[in-house]
């Protein structure tokens, strides 16, 4: 959690992009190209996934830390004029290298976390990915505390801060044998962590709003930041809470080769047979059957005939997964839904400025917090759907994508206060994608090659922003900006004012009003609806119990 809380510098690109745009005199299309390079760097993690299988995880974290330092450090040197300005393609390479470091951080955290808690995939993915999203708000608060004289120093902090933290923690992030047992306290421990997450997000939101509305002294900001660090330290207490280990209460999980036996046992078992067992043995069998419940549901709870290759829920290789239709349904659903949300995150600075907001940092920090809560809530709610109600996990993402479509409509309309509502809806639902989809993949295709699956699916993000941000949103924005500039020039020509003409020329790269992102936001809304349809197809193909019993009941109404 600590490493993830500083491993998402890509989510604050909306804050540093305005500095780069001003310093290097870029237009919106050039900034969008940097954003796509950033997203590519944060998503192409195949090397990180491969290294995690052959090298210890500390070496994976170290490579990511060095890339983060070199990439963002070079960008800072260029923006501050300490070295000559590089061409745009070279700037894209530097942004790519710097942001690619977070794929190594994510891989180390997720691989070790899922191996240690294989029966709590939803909470683990939701919490860890949630802290990645929250890192933007945490870094922003630390930046406010340090009170650098110029905004370009934010880039310097992004280069140095995560590198120091990851190097300090890289020997701790590793599998520690937690997969060998499920403790009775796991549920309460995750509940406590959820409470800390909610408290942390609420606290950050409150101080962000206060700092935006009220002028605060540096001493007060220092106190607020120290409280933030205390909240981050609270979960450490769980590490020192030792419990007596009774061998009779330790529940050994089945090995992959035992899966066929356990599944058949699960399908034929009757409740009264379990009740007749001795109490310790009955507890073990009940917990074992519960652990297999969702895996059996992912397979449709039915096995009619043997087929070549692994079945759903068993360990796939990446090559075997790539020939499955359900894997590509997840991929394209992420591309359309997640890509539209990341487009908003990347362009949030320009969106807020076009609607007349002078300080985009508040919206960048807010969307990081909502992104965090979306990931935590997505993991928590989807786990309830699966374990308590036996519903398929992806049905939650269907609902999230439909709500996200509404959020894009608020951005398009530009009503008073629409930025706040749109930031809330898009941030929450985008975060839910990255809690639910990785957990779904681990349950459908196994944990053995999870690093490769996760990093391959992450390619959906840059693919989505390449289409939505670099091609669609930036082209529409520059067209509207040039259109407004021509109108200014015509007015200045009629009035004969030289100063007005110079002002129009300076403002030719800026667009004002809701028209700047109206059409692109409506396109993003439509893409979310298509993504929801694809996710529903995934539910129908993989979760026959839901399709056979629940879906027809819903259609009757």
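Positions of Cβ are set from backbone N, Cα and C atoms, glycine also.
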TrEMBL annotation (transmembrane segment) - matching range among 303-320, 357-374, 375-392: 357-374
Candidate ranges 75-97, 98-120 [criterion: TrEMBL lists as transmembrane segment]: 75-97
Mean of the pLDDT scores, which run from 0 to 100, over the domain 'Nodulin-like' (1-237): 83
Recorded stretch that, among 154-177, 216-238, 419-441, has the most CB pairs under 8 Å to the transmembrane segment (75-97): 154-177
Feature contact check the transmembrane segment (419-441) with the transmembrane segment (517-541), CB under 8 Å, 3 or more pairs: no
